[in-house]
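Q: The structure is given below, and queries will be raised subsequently.
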Amino acid sequence: MTTDLRVLSPDDWDEWYGKLELAFGGVAESPEERTLWKDLTEPDRFIGAWDEDECVGTAGAFDFRLTVPGGAPVRAAGVTMVSVSPTHRRRGVLTSMMRRQLDDVRSWGEPLAVLTASEPDIYGRFGYGIATQQLRAEIDTSRVRLSVPEGTDDVRLRLVAPDAPAVREACEAVYAHEVAGRPGMLERRPGWERLMVLDPEADRKGSSPLQCVLARRDGEVVGYARYFNKPEWDAAGPRGTIELRDLAALDPAAYAALWQHLFAIDLTAKVVVRNRPVDDAWQHLVSDIRRCAVGLRDSLHVRLVDLGGALEARTYQAPVDVVFEVEDAFCPWNEGRWRLSGDSKGASCARTADAPDLRLSVRDLGAAYLGGVSLGSLAAAGRVRELRAGALAEASTGFASSSAPWLPHGF
Ligand SMILES: CC(=O)SCCNC(=O)CCNC(=O)[C@H](O)C(C)(C)COP(=O)(O)OP(=O)(O)OC[C@H]1O[C@@H](n2cnc3c(N)ncnc32)[C@H](O)[C@@H]1OP(=O)(O)O
């Protein structure tokens, strides 16, 4: 079957997006959500696969800046809205779109491509590795208590309208402060802040509208939490749920004050958390971690498009000087031997003819790239082979990150 791949024309967006919705089962999104994604679409970075006059495939690549270990923002193509019509599946349409997209990303000079997958099995074959996880939890707040640090009582909390421009701006400033400190986070470009206050009535299913609590100290905003409240009670007491959307704070006392607020809301007995960093600090504040039903899910998948550029764009926790032998069948320009020399100040990565120290696939290098998956654990699974004694420990230590990489929201 031949399909024609074309850059998305803004005039085709409605049909193109309609096909995307159909491929995901045909459940129409709310008008608010549809409008948001239309506004965020960057048509010249999006493509459609056409079978004569019918759009049968969709894919896009946002122009993102991603924090990597060392704190620098690095250009990354945010792969999104990938779909193939149910009538055209398993005939290579996705493969042809991935081919075109990775060639485009390379020509744009972006060292990374990143995505979140509807199913984790789809993208490994194209060289994406699972680099971050999201922590999920259901905290029984009727039983679990919090121990908060000194200074928590000095933080003043106030419920505010999440969508008020001044509130949005204050929240974005706190968020921007967090971005630099954690690999995996995305600089939020203008327009994206709307995603965090999106609140279509049809999606609430008995919950309150989105609520926002601002934390202030000496008049300055030092944190915020946005959440939904689903109060419920019966003769046995409160049974309602707080569902956290997002939370950010500039210091431990502000952070603790926000969690204290979430734990203490009347008529609720549970806080549900769907996407927090694996090392989120509330886990050290709770009295009983077993009653928090903590779980993990794959989150950001990372693909090194320009391997040398990507490895040079981050820093390394401890000195590293290793030769990788990399297998990359889908992007053969990465294939072969690369010497990486780096430390906490910077790195160089260039082709070499020297003997390899570690052998691995580009997918596993992508998994390890943000410092959340250790090369040592990949080696234990047989995915990385150590060819020089000591090279694995050296690279594993160097690649690690002092904070767990995390992607705060999908795209
Ligand atoms: C970043 C994002 O947007 S994630 C969203 C992905 N989209 C969806 O989940 C929407 C529903 N699904 C679809 O639209 C399609 O089934 C797609 C896009 C997942 C796959 O499209 P297709 O055109 O059928 O894929 P294609 O024919 O190129 O298959 C390539 C390979 O991937 C495999 N594959 C395709 N879909 C899946 C899947 N869901 N799970 C596991 N393997 C898959 C195929 O079996 C094939 O394997 P092979 O190379 O060993 O033969």
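Glycine residues also receive a Cβ, built from the backbone N, Cα and C atoms like all the rest.
Keep in mind that TrEMBL annotations are predicted by a computer and have not been checked by a curator.
Copying in the features that TrEMBL gives for the protein in this structure:
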type     : residues                                                                      : note
ACT_SITE : Tyr123                                                                        : active site, proton donor
ACT_SITE : Phe411                                                                        : active site, proton acceptor
BINDING  : Val82, Ser83, Val84, Arg90, Arg91, Gly92, Val93, Leu94, Thr95, Ser118, Glu119 : acetyl-CoA binding site
DOMAIN   : 3-151                                                                         : domain 'N-acetyltransferase'
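Relative to the rest of the structure, where do these features sit?
A: Following the DSSP three-state reduction, the secondary structure of Tyr123 (active site, proton donor) is coil.
Taking a C-beta cut-off of under 8 Å and a sequence gap of six or more, Phe411 (active site, proton acceptor) has these contacts in its own chain: Phe62, Phe64, Gly78, Thr80, Thr116, Leu186, Leu195. The DSSP secondary structure for Phe411 (active site, proton acceptor) is coil.
All protein chains shown were included, and the count of other CB atoms within 10 Å of the CB of Val82 (acetyl-CoA binding site) stands at 21.
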Q: If you draw a 10 Å sphere around the Cβ of Arg91 (acetyl-CoA binding site), how many other Cβ atoms fall inside it, taking every protein chain shown into account?
A: 13
Q: Under a threshold of 6 Å between Cβ and any atom of ligand 1, which of the recorded positions Val82, Val84, Val93, Thr95, Glu119, Phe411 are retained?
A: Val82, Val84, Val93, Thr95, Glu119
Q: Determine the Cβ neighbour count for Val93 (acetyl-CoA binding site): the number of other Cβ atoms within 10 Å of its Cβ.
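A: Step by step: centre on the Cβ of Val93 (acetyl-CoA binding site), count other Cβ atoms within 10 Å, giving 21.
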Q: Measuring Cα to Cα, how many angstrom lie between Val84 (acetyl-CoA binding site) and Tyr123 (active site, proton donor)?
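A: That separation, Cα to Cα, works out to 14 Å.
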Q: Whole-number Å only: compute the distance from the Cα of Val82 (acetyl-CoA binding site) to the Cα of Tyr123 (active site, proton donor).
A: 11
Q: When DSSP states are grouped into helix, strand and coil, how many residues of the domain 'N-acetyltransferase' (3-151) land in each?
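A: The domain 'N-acetyltransferase' (3-151) comes out at 48 helix, 51 strand, 50 coil.
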Q: Taking just the CA atoms, what is the gap between Thr95 (acetyl-CoA binding site) and Tyr123 (active site, proton donor) in Å?
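A: If we compare the Cα positions of Thr95 (acetyl-CoA binding site) and Tyr123 (active site, proton donor), the gap is 10 Å.
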